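TrEMBL lists 10-99 with the feature domain 'Molybdopterin-guanine dinucleotide biosynthesis protein B (MobB)'.
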Amino acid sequence: MQLVLLAGSGSGVGKTLLGTMLVEELRRRGLRVGVVKHVHHGVDYRVKDTGRYLEAGASRVVAAGPGEYMLVEPAALGFWDAVRLLGEVDVAVVEGFRLHIGEAVSKGGCVVYIDASRAEPLARGRLVEACPGCLGAALEAVLGLLGEGGCSVGEV
């Protein structure tokens, strides 16, 4: 599995936009892509019936609909545990988890750090520093690394 971690200097710098661009392009190339999105304030499912079952004490709740499902389990999940849940994918795109940048790089993954104060992109090995106005260049840099197998973390 190859892993690309998308982090940034704050909210609204383009992490999700770059992530969706990356997913679309990788899917167009026929690759299986999984995404892990870190949320700081918990998943907001409580306004639906799913949350009512969890509040009543259910250990797990599966919400199933036509063509999709969601499993909700009230438990803390670490970085690599979340990546493992993606199963058999070619590329894992992880948004957030900024505290795990060093760990992702040391295991062989690539990191794109979007900094609102940067004026132009800079690629250094498996670390791409990007700016909100240069996401296209950052996308090309990451696609180049992925094409060379340069973001491989092996089995997680």
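The backbone N, Cα and C atoms fix where each Cβ goes, glycine too.
Note on the domain 'Molybdopterin-guanine dinucleotide biosynthesis protein B (MobB)' (10-99): DSSP counts are 29 helix, 20 strand, 41 coil.
Mean pLDDT, taken over the domain 'Molybdopterin-guanine dinucleotide biosynthesis protein B (MobB)' (10-99), works out to 89 on the 0 to 100 scale.
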